[in-house]
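*Asks:* First the structure, then my questions, so here it is.
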Ligand SMILES: Nc1ncnc2c1ncn2[C@@H]1O[C@H](COP(=O)(O)OP(=O)(O)OP(=O)(O)O)[C@@H](O)[C@H]1O
Ligand SMILES: [Mg+2]
């Protein structure tokens, strides 16, 4: 059984059919790319997968569990987490607290533990600190743990967002244009990091990206979206040489 | 991270030392007759405003929602607590502690009621709804019988005047400790993450609605407690005592002390309670000086002068703001 199975997904905003009859099957451990021109509906699909929007048609199933009708917070607990095209950090919180906020449902203690600082508070907070630093180390952010997220340079903010998404311990990680605004060096480094987290954390990745070097470099399978529907799917080699895709998206 | 923890406990010890020192100083001054009658009578109002400001900061500073109904919660606590102590016939401390808990709980219940529409409203709309809430509470208290309508309650026992300063001080310290503990916990992180970006907060699995309501309930509880303390200090309460001017006064304290800055709230509450009273002598200049001080504090907060002062080496170390939230 595939990890993510989306069938006949669709949503309309007023008269606009932003996503229509969209299907996708992602196997466990896959690094999957979703590409397509601006306004094709890629981010809208992420919003549907994470419960930000409720679909007008179709079903979304993760590991056999139907996610339709669930809230974003519930879907996160079911095992999908994401980053955003426009970075959404907790900017007035420290880098460490950004990651610890994402550990909210994993290392828990009660309000009584909080108010009266019972031993469980200290124990779980220590556990959270250890876990958060461990994740920050993967992204080389541990030395910034005490800085406010707002004060990080752009590239590091992008990384922190991925770190935070990872902290929720997802089965499926959605990355919305992770390389946007990065220079070629940073992009190359990001590609290594994405491969590393797939292997080290044993998760599946679906990413949206306009940088074709990144896409062909790390994605094992691609779906091209155009006007809200699937234009083509397959391995990068096949898809990126498909004349239909070249006319609709890649140009020339 | 070990280092972090040492810093943390060191800061904690310093705070405890400061709190104890302040208490000793005040008690010495009170018992030694060094405080004028006017100054002594200001001790409890300062404490009440500190409780109000610190609890309001939870909503405006940490949850990031603008509310103008804090005096409404205060009045609910004041009336609920006072009715208890008027009609109960128990030893003073037992009665007062029950009044504190019940006053806080009833206010918290209303915090829950107002917290629910908050889920649907943001920004200016929320400000208007909470403002209306405060006024509705006032009008209801004005017409129902048990609260004695516009005449208010008169025979409230003096359980929290400056003669019983110790119990008032304990309540203030407890309020501060509990709110600081909340803010620096997984619950507080959830509340702060909603302020910074509620879509991202949802996306990492934080139930946003639950924590918004939680912040309102807890904040209302402590405003209710402040109301009980207030009522048992002045002995008389009327519906008009708790109008929107009071809510705005508390909001001004929070804004001047700094959003999300507990220590700032405490200092601003103290200064802004003392100031109008100190200026009573210069009656015709009072409002003018008051306004000038407000503007000066605002400019000081916004100019970066504060940051420069704090980072200068002459500034006492223990006053420096710790990283993150305090
Ligand atoms: N909440 C909404 N209300 C109305 N229209 C929307 C909404 N969200 C998205 N759309 C529309 O849906 C279409 C798809 O938008 P979407 O953001 O998914 O594109 P995209 O593929 O992510 O593009 P880009 O590469 O520029 O990020 C656009 O026409 C957009 O205007
Ligand atoms: Mg997009």
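Just so it is clear, glycine is given a Cβ too, placed from its N, Cα and C backbone atoms.
Note: TrEMBL annotation is automatic and uncurated.
Pasting the relevant annotations from TrEMBL:
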TRANSMEM  B:12-30  transmembrane segment
TRANSMEM  B:71-90  transmembrane segment
TRANSMEM  B:96-118  transmembrane segment
TRANSMEM  B:125-144  transmembrane segment
TRANSMEM  B:164-183  transmembrane segment
TRANSMEM  B:213-230  transmembrane segment
TRANSMEM  B:250-275  transmembrane segment
TRANSMEM  B:287-305  transmembrane segment
*Asks:* Before we move on, state whether the transmembrane segment (B:164-183) and the transmembrane segment (B:213-230) share at least 3 Cβ pairs under 8 Å, counting only pairs 6 or more apart in sequence.
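*Replies:* As far as Cβ distances go (cut-off 8 Å, pairs 6 or more apart), the transmembrane segment (B:164-183) and the transmembrane segment (B:213-230) touch.
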*Asks:* Please work out which recorded stretch in B:71-90, B:96-118, B:213-230 has the most C-beta pairs separated by under 8 angstroms from the transmembrane segment (B:125-144)?
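*Replies:* Result: B:71-90.
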*Asks:* Any residues 6+ beyond the ends of the transmembrane segment (B:213-230) with a Cβ under 8 Å from its own?
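*Replies:* Cβ under 8 Å, 6 or more out: 44-45, 47-48, 51-52, 54-56, 58-59, 62-63, 65, 70, 73-82, 99-100, 103-108, 110-112, 114-116, 118-119, 160, 168, 171, 175, 178-179, 182, 187, 191, 237, 242.
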